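Here TrEMBL flags B:23-49, B:61-80, B:100-122, B:134-156, B:168-187, B:199-220, B:240-261, B:273-292 as transmembrane segment.
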Amino acid sequence: MQLGFLVDLRLCMGCKGCEIACKVENEVPLSTWRLRVKYVDVGTFPETKRTFTPLRCNHCANAPCERICPVSALHYIENGIVNIDKERCIGCAGCVMACPYGAIYIDPQTQTADKCTYCAHRVASAMMPSCVVACPVEANIFGDLDDPMSNISKYIQSHQGNVQVRKPEKGTDPHHFYVGGGNVTLNPLASFRGEGHNLFNNLKHLPIGGH
Amino acid sequence: MVHETIAATNAVVTLDVALPGIVWGWIITMNMWAKSIGTGIIFLGFFLLKKYPEQTGFIRFPIAAISIVFIHIFLFFTVIDLHQMFRFWHIFFYPHLTSAITIGAWMATGFVGLLFGMAYAIYMKKDEALYDKLLGWTVLLAVPVTLYTAGLMAQSTARELWQMPTESAQMILAALLAGTSAMILLGGNKFSDTIKKDLAIILGLAAAAAFILYMAELIFGPMKAEEVAAVLHYIKGGEYTVMFWIGQAMAFIVPMILVCLSLKNQSYYLLKIAAVSALVGLWVSKHVWLVIPQLLPMS
Ligand code: SF4
Ligand code: SF4
């Protein structure tokens, strides 16, 4: 079994339901995220378009985070999920440096690395990851890539030529796919990021004492 | 807003969460810097003891002591940088052998053991033959201890700038630069003119080679990947430009000039200034190179 994920970006409407479901399910602390939806605006007014890209760990088959971890805290489980054992982690942040997708953060409460696990605990009980359940438009498709009859395999088959992974040149062999993605959605260097890369990066503080 | 977008795509990130900024900061710079001195002094000590055994016997204990001090600075900063530093022992009891961190920790432990053996042999037992035998093994281990950080950086796949084999060459050159500088400052005026000349030449050549590598990366790096080009923007007119050039000047350019002058004028005083400049500059150069790839947005 080789579990994988696919997001159909043509369906995603940026509701962030998956983000919240993930936060609640995995008790992800404030200011950190296992899954997030990035908004990128493209074009020049009035010809503009907004794109939404859910970003999470890609559960790479050739995962640099697993390779660099000195204590095997990051490890593969039989279904292909790259899992994390927080009891082992020494918080060296090697994995943060190794993951080309910025998918790992250091949990401010436990001081250990954390990331999306495809909800391995739910999958073990034959449930879907919480973000899949929460998506109102079924843009998230999760399943066994080794099984040609699974939803995800059929989806990949029927969208040949329009299925992409992030940063294929890194050779990480991601098990997370996007349909309908493009340079702007998948390549972080193709868009401009405001100062501080903050939540609402166009917000300006009002000057003290005046409006 | 449009003026802020990338011209080719006219795209701007309007909603995203904060990305982690610099995760490996000055503590890792200290780690790399101290390790360069700790292993570099061993390389230089071995060279001098082999080439000039009669005149350099007095450096046996000092090089062991200096290496012990700086390797412990390196280990101290390595451990305090962990978010779970009291679990450090997990590296030895749950090792993952694909990780350069694990291999490095093991090598460094063996290296420290040999250093203490050397110090014991010369200070307690006054046994030069035993010391020299241990020094041979210590030099052998000093090579992977110096190089493992380059391996770790190469495994940091997200950071295009930290690549083998450039990083491994830079690590060895940094060890030679730092080791020679420390030896120049350690020797006082006790070294003969021939030894001083040798030290000056090694310092000058290490500085020149490291400088050439940095410049080669700076000029030709952007041809390799878009990410490298984006990283180098931070030192090509970006927020780290001044710091980068201060580092390059102090670590490499000033020492190269002073080495030439000191050889011409036979001035050991100039050589000492070159050594101090190289040690300070090395810290700054390493720091800039460590930090800039961490500023790239990953997603
Ligand atoms: S996306 Fe990053 S964290 Fe996830 S498996 Fe790949 S390298 Fe590891
Ligand atoms: S931070 Fe934890 S999970 Fe990441 S590489 Fe270090 S020990 Fe492994």
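Glycine residues also receive a Cβ, built from the backbone N, Cα and C atoms like all the rest.
Across B:23-49, B:168-187, B:199-220, B:273-292, the stretch most heavily in contact with the transmembrane segment (B:61-80), judged by Cβ pairs under 8 Å, is B:23-49. Ranked by number of Cβ pairs under 8 Å to the transmembrane segment (B:134-156), the listed stretches B:23-49, B:199-220, B:240-261, B:273-292 are led by B:23-49. Panel annotation: around the transmembrane segment (B:240-261), residues 177, 181, 200-201, 203-204, 207-208, 210-211, 214, 234, 267, 270-271, 273-275, 277-278, 280-288, 291-292 of the same chain, lying at least six beyond its termini, place a Cβ under 8 Å from a Cβ of the stretch.
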